[in-house]
C-alpha cells in the first residue's frame with residue numbers, strides 16, 4: 001500500500017482438538033491500521049480475525065475494517081520500522097566480513113609468495129645461457145612445466161564464440177552489480193516496490209556496451225570470423241536465459257492464479273528496453289571492441305601442430321581444478337548469502353549495502369587469486385587448455401551457492417508445494433547463472449592477464 005510492504009495470512013493450518021488431523025481455516029476479517037502524517041501515509045499494518053474452517057461448498061462473508069492513527073514520524077523515516085537492525089548488524093555479520101578480509105590478505109600474500117618465488121626460479125633457469133654441453137643437456141632433460149607449452153598456450157579455445165559471449169556478459173554483470181550497489185549506498189533503493197529490479201534492468205540496458213566491447217575484442221584477438229553469430233549471442237545470451245526461466249515461472253503463476261505473475265504490459269516494456277537500448281549498444285560495443293582492442297598481441301607464436309597433453313594425476317585434471325576452484329570464493333560469501341536469502345525469501349528489507357560492497361570486492365579478489373593458482377597448476381601439468389578451465393574454475397562458485405540454497409530451502413524455510421518450490425529454485429537458478437557467468441568472466445580475465453605476463457618474459461623459440 002503506497003509502496004509500503006504489507007503482509008498477512010489468508011488462512012492457516014490449525015490442529016484439531018477432536019482428532020489427530022489438522023484442519024484448514026480461512027480468516028474472514030481483516031484489520032488495516034494506517035498511520036499518517038498530514039496527507040502522507042507513514043505506516044500500514046494488517047491483522048486477521050474470525051478464522052472459519054474450510055468446507056466444500058461453503059460461502060464466506062469477507063469483511064474488513066480500517067483505522068487511521070496520526071503520527072509524528074516523517075515521510076523520510078517511514079521505512080525505518082521495516083529495517084531489522086539487530087539481524088543485519090549482528091556481530092556475526094561483522095565477524096564474517098573481517099574473516100573474509102583476513103582470508104583475502106592471507107590468500108593474496110600466499111599466491112604472490114608462491115608464484116613469484118616459483119616464477120623467479122623458472123625465469124632464471126630458462127634465461128640461463130651456458131656453453132657447457134653437459135649442463136645444457138641436463139637443463140633440457142629437466143625442463144618441464146609451463147615453459148614447454150609456450151607454443152600452444154595462446155591457441156584459440158574451442159567454441160570461441162560462446163566463450164567470448166559469456167566473458168563479455170560476465171564483465172558487464174560485474175560492472176552492473178558494482179554500479180547498483182553504489183547507487184544503493186548513495187540512495188535508498190529499498191524504498192519503493194521493485195526499486196532494485198527497476199534499477200537493475202535499466203543499468204543492464206545501458207551497460208550492454210561493455211559486454212559487446214569485451215566480447216568483440218576477445219573474439220578478434222583469437223582470430224574469430226563469425227562476427228554476426230558472436231554479436232547476436234553476446235547480446236541475447238543472458239536476457240534469453242532469464243526470459244526462459246521467467247516464462248516458465250510466469251506460466252506456473254498464471255496456472256495457480258497468483259499475483260506473482262508478471263503483467264503483460266511489464267513484459268512489453270522490458271522487451272522494448274532490451275530491443276531498443278540493450279541490443280543496439282551490445283552490437284555497437286562489439287564493433288568498437290573489434291576495431292580498437294582486437295589486434296592479436298600474443299607474446300608467443302602458436303605452433304602449427306598441437307602439442308600432445310601428457311597424462312597427469314587426477315587432481316590436476318581440468319574437471320577437478322574447476323570444482324575445487326569455487327570453494328574459497330564461496331567461503332568468502334557464505335555468510336552474506338544467508339542474509340541475502342533471508343531478505344529475499346523471509347520478507348526482510350535488505351539495507352546494508354556497505355557490507356555487500358565489501359563482500360563483492362572480496363569475492364572478486366579471491367576469485368582472481370584462486371583461478372590464477374589453478375591456471376598455473378594446469379600449465380605446469382603441460383595442459384594448455386586453460387581458457388575454459390579458468391572460466392569454470394571461477395564459475396563453480398555458483399554451483400556451491402545453489403547447493404547452499406537447497407540446504408536453506410529445507411532447513412530455514414517452511415515452503416512447500418509445487419508453486420513455492422518452483423519459484424524458489426527458479427529464481428535461485430537465475431541468480432546462480434548470473435553469478436556463475438560473472439565469476440567465470442572475472443576468473444578468465446585474471447588468468448588471461450597472468451598468462452600473458454609470465455610468457456612475456458621468456459624466450460619463445
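Positions of Cβ are set from backbone N, Cα and C atoms, glycine also.
Where the annotation comes from TrEMBL, it is an automatic prediction and has not been curated.
The transmembrane segment annotation in TrEMBL covers 92-115 (among others).
Summarising the annotation, TrEMBL assigns transmembrane segment to 160-190 (among others).
Long-range Cβ contacts of the transmembrane segment (196-219) within its own chain (Cβ-Cβ under 8 Å, at least 6 residues beyond either end) map to 160-161, 163-165, 167-169, 171-172, 175-176, 179-180, 183-184, 189-190, 227, 230-231, 234-235, 270, 273-274, 277-279, 281-290, 292-294, 441. Residues annotated as transmembrane segment in TrEMBL: 196-219 (among others).
Residues annotated as transmembrane segment in TrEMBL: 231-256 (among others).
According to TrEMBL, the feature transmembrane segment maps to 268-293 (among others). Counting same-chain residues at least six beyond the ends of the transmembrane segment (268-293), those with a Cβ under 8 angstroms from any Cβ of the stretch are 201-202, 204-206, 208-221, 227, 230-231, 234-236, 239.
Tertiary proximity for the transmembrane segment (314-341) is limited to same-chain residues at least six positions away from its ends with a CB under 8 Å from its CB atoms, namely 87-88, 92-93, 96, 100, 103-104, 107, 350, 352, 355-356, 359, 362-363, 366-367, 370-371, 374, 377-378, 381, 383, 385, 388-389, 392-401, 404-405, 408, 412, 439, 443. According to TrEMBL, the feature transmembrane segment maps to 314-341 (among others).
If you look at the transmembrane segment (353-379), the same-chain residues 6 or more away from its ends with a CB under 8 A from one of its CBs are 88, 93, 97, 100-101, 103-104, 107-108, 111, 114-115, 118, 145-146, 149, 153, 174, 177-178, 181-182, 184-185, 189, 316, 318, 321-322, 324-325, 328-329, 332-333, 336, 339-340, 385-386, 389-390, 393-394, 397, 439, 442-444, 446-447, 450-451. Positions annotated as transmembrane segment by TrEMBL: 353-379 (among others).
Under the heading transmembrane segment, TrEMBL lists 391-411 (among others). Note on the transmembrane segment (391-411): residues 163, 166-167, 318, 321-327, 329-330, 333-334, 337-338, 341, 345, 363, 367, 370-371, 374-375, 421, 424-425, 428-429, 431-433, 435-437, 439-444 of its chain, located 6 or more positions outside it, place their CB under 8 angstroms from a CB of the stretch.
Taken from TrEMBL, the feature transmembrane segment applies to 423-446 (among others).
Counting Cβ pairs under 8 Å to the transmembrane segment (231-256), the stretch among 92-115, 160-190, 423-446 with the most such contacts is 423-446. Beyond the transmembrane segment (423-446), the same-chain residues lying 6 or more positions past its ends with a Cβ under 8 Å from any Cβ of the stretch are 163, 166-171, 173-174, 177, 214, 238, 241-242, 245-246, 248-249, 252-253, 260, 325-326, 329, 344-345, 363-364, 367-372, 387, 390-399, 401-402, 405, 409, 413, 415.
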